[in-house]
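Undergrad: Below is a structure I'd like to ask you about.
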């Protein structure tokens, strides 16, 4: 089972701008990294800029309904110490409402309880887990059937620091309580080291945590409403627990409203379920350890995104994060993208597919998009933003275009040969991106190349993507890119390093 949550140690020595952090400060920094607020640099991964930590703290405080100061105050520390779910917090940035991560293509699901916690009588624990499913079927047209053996859509298990069920181990009592996979993987894991209870304020309430994780398994992300079941932090036992309106709205957005019961023989008009359209043949969920990438992007807040088919995941020093439907994060964006690029200069994210381009600011599409590509060839291979000249590069075949986002770029001399500027990289790259220090990465097949600030491939490349980026178990490394080799060359092409003084409308 490939369990895809983000995990980091809490006592690793780190530095901020060369200053060693004490153990009292390490946990908050790792917390921000673990739950998606702070991205560790890929290169020199023990260095953080103070402004990055301040921005991450502000985002966490805003999401936690705390006073937003960007400072590590007592209230922020206390919030970080609260037990919580192990899934990241990619909140819905468009509104404060629920976040949808995917859905099952059926409404009758089976579940299997593989084992039970030792702190509760078996019948009590089993009843709590069953009630967790009932909470959702009470408000949505879903039915659940428990099976005692064989395959099941959703599988629940308790395990600790070492387990064959999941490669991501738990951390002992407190902190991370449970985690789950999104549809249609169906795994729900609970930390067996927790003191699981029912009907008491002591310990951790099993029914509430189980209902939260089943919500993830059904396709719901975290909610920014602190009283919602799908809030990331466990708020304690609630004797008269019921779903928050945001929880209900989220599950009904996925599966429709539960039809009212028709009493006697009276005819009652029922509202048709409002279910988002789902592709008839969605692309299969990729394996980050073996999939060839469609696109890579260093996005806002320093988060690295990898794209394949209809799915996207974040990449950190801990490996791949959870998989999300592309359209769940960027509403209106299709899968199977050709290229993706984020520009810190303009805060714009551009996605390319076929002869169209989409532009987003964070997770909100800009008005008037998508637009048709008129002056650049369709079906691009890759795109990247280079911080040293603040321009966007677009790649197709053996050529590239250099684009100033804030000026009407003269493309009459483009495309120019890739090998003339980027020495030692392949034609037709499948993905590309740059790092904050000016290094550039090209991806093709199972391998990648790293270029220095002079845009020349460094020694020792290409290297394996799965091992060095996704941190998967070592496999036989094939360093031959798919389709032809390249000839390093340097023709002295000069980069355009001038920036436009005023913003103008760009015709794509």
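Placed from the backbone N, Cα and C atoms, the Cβ positions cover glycine too.
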Undergrad: Out of 464, 485, which one does Swiss-Prot list as N-linked glycosylation site?
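TA: Residue annotated N-linked glycosylation site in Swiss-Prot: 464.
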Undergrad: For the record in Swiss-Prot, which of the ranges 83-90, 91-98, 99-106, 107-114 is the motif 'Cysteine switch' one?
TA: 83-90
Undergrad: From the ranges 235-261, 262-288, 289-315, pick the one that Swiss-Prot records as region 'Disordered'.
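TA: Residues 262-288 are the ones Swiss-Prot records as region 'Disordered'.
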Undergrad: At a 10 A cut-off on CB-CB distances, which of the disulfide-bonded residues 289, 472 has the highest count?
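TA: When each Cβ's neighbours within 10 Å are tallied, 472 leads.
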Undergrad: Please give me the CB contact count at 10 A for residue 464 (N-linked glycosylation site), counting all chains in the structure.
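TA: Neighbour count, Cβ to Cβ under the 10 Å cut-off: 18.
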Undergrad: Rounded to the nearest angstrom, how far is the Cα of residue 472 (disulfide bond) from the Cα of residue 464 (N-linked glycosylation site)?
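TA: Here the two Cα atoms are 10 Å apart.
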Undergrad: In the three-state scheme derived from DSSP, which category covers residue 464 (N-linked glycosylation site)?
TA: strand
